[in-house]
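One structure below.
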Ligand SMILES: Cc1cn([C@H]2C[C@H](O)[C@@H](COP(=O)(O)OP(=O)(O)OP(=O)(O)O)O2)c(=O)[nH]c1=O
């Protein structure tokens with residue numbers, strides 16, 4: 001049995017595309033980057049903590065695999081998680097404007113005594129965004145709950161001049177790496 005430790009509807013929707021049966025676990029893991037924690041170490045640690053928090057809920061069910069994931073937007077040494085409000089979201093978009101950033105999604109798959117992990121790294125280039133364009137996007141509310149204050153799956157697609165990597169990875173669950181992990185652990189054939 002597979003359980004996805006996530007409240008993200010996008011992760012559920014993406015995992016369902018692999019045709020695997022799974023249940024959900026609701027977890028609350030604080031996402032706080034350590035002062036000098038490298039961005040990729042941070043995204044991996046949070047994914048591991050989400051999976052670990054999920055596993056604690058199912059310890060009594062042997063053979064259960066728990067999948068946790070974390071997505072962060074990285075610009076140089078800065079890491080953009082989910083914006084706290086519209087102002088924070090606008091400031092993230094201003095900083096991403098006209099530049100190329102990295103989107104990392106880490107995956108952690110755990111079961112009692114076993115774990116496997118993977119990371120998907122994509123490069124996303126944004127068009128130069130003027131204040132009016134940013135204000136329109138903020139008005140749409142699509143930035144809410146999304147790392148870096150945008151969703152590649154929605155209206156922000158028109159901001160993106162180039163993507164090198166994984167569209168599903170930017171959305172929160174890289175299907176290539178997820179499928180490979182699930183096969184390695186025998187969760188899917
Ligand atoms: C960059 C980007 C992020 N996102 C989303 C994916 C994640 O849901 C979110 C990043 O926050 P996460 O902390 O990775 O995930 P979450 O809080 O939504 O869900 P949970 O921890 O319960 O699994 O941003 C998009 O939907 N589209 C995008 O283009």
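Glycine is no exception: its Cβ is also placed from the backbone N, Cα and C atoms.
What TrEMBL says about a protein is an automatic prediction, not a curated fact.
Per TrEMBL, the features are as follows:
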{"type": "SITE", "residues": "10", "note": "site 'Important for substrate specificity'"}
{"type": "ACT_SITE", "residues": "70", "note": "active site, proton acceptor"}
{"type": "SITE", "residues": "71", "note": "site 'Important for substrate specificity'"}
{"type": "SITE", "residues": "153", "note": "site 'Important for substrate specificity'"}
Practice task
Using a 10 Å cut-off, grab the number of neighbouring Cβ atoms around the Cβ of residue 153 (site 'Important for substrate specificity'), all chains included.
Solution key: 17
Handout entry: Rounded to the nearest Å - Cα separation of residue 153 (site 'Important for substrate specificity') and the residue listed as 'active site, proton acceptor'
Key = 17
Fill in the blank from the handout: According to DSSP, residue 70 (active site, proton acceptor) sits in strand
Handout entry: Protein Cβ atoms within 10 Å of residue 71 (site 'Important for substrate specificity'), excluding its own
Key = 26
Handout entry: Length of the line joining the Cα atoms of the residue listed as 'active site, proton acceptor' and residue 10 (site 'Important for substrate specificity'), in Å
Key = 12
Problem - Cα-Cα distance linking residue 10 (site 'Important for substrate specificity') and residue 71 (site 'Important for substrate specificity'), given in Å to the nearest integer - result: 12
Fill in the blank from the handout: Cβ density check for residue 10 (site 'Important for substrate specificity'), other Cβ within 10 Å (all protein chains) comes to 17
Handout entry: Per DSSP, three-state class assigned to residue 10 (site 'Important for substrate specificity')
Key = helix
